[in-house]
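Now, the feature entries from Swiss-Prot:
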BINDING   G77, T80  Na(+) binding site
TRANSMEM  5-25  transmembrane segment
TRANSMEM  38-58  transmembrane segment
TRANSMEM  69-89  transmembrane segment
TRANSMEM  97-117  transmembrane segment
Amino acid sequence: MKAGLWLWLMLGGAVGAVCRQGVVLALAPLVARLGFPVAVLGINVLGSFLLGLTLALAGRGVWPPEVRVAFGTGVLGAFTTFSTFSTELDELLGRGAVGLAALYAGLSVGLGLLAAVAGRLLGTRL
């Protein structure tokens, strides 16, 4: 990988991390009120959609491969978070909220997959 692409990857990662933290902070009152991790759920579903779109556009040559690396791996890799999903799932289970944990896991995987497919389909039509 070219040196300049590494820089774009790092900058993209910084942007994605800042965006994720902004969403988490903005939705913290709602998460506290609901007792359900809607912030990370929304982040991961949106990220899945955008990655599906990015991969489709890069795969068709609409966007150069460098955009896939900088935006897909950098921005979206830092924006989305499997580790936080896992620890939030563990927290729900730890407090005995088995039903909410199952709902969170099901929604995360199901909506994430649907969003990725929707993004890919949109990307094949643009």
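Note: Cβ is positioned from N, Cα and C throughout, glycine not excepted.
Non-local contacts of G77 (Na(+) binding site) by the CB criterion (under 8 A, 6+ apart in sequence, same chain) comprise G12, G13, G16. Through the fold, the transmembrane segment (38-58) approaches residues 20, 23-24, 26-28, 30-31, 64-65, 67-68, 71-72, 76, 79-82, 84-85, 88, 104, 107-108, 111-113, 115-124, 126 of its own chain, all at least 6 residues removed from its boundaries and within a Cβ separation under 8 Å.
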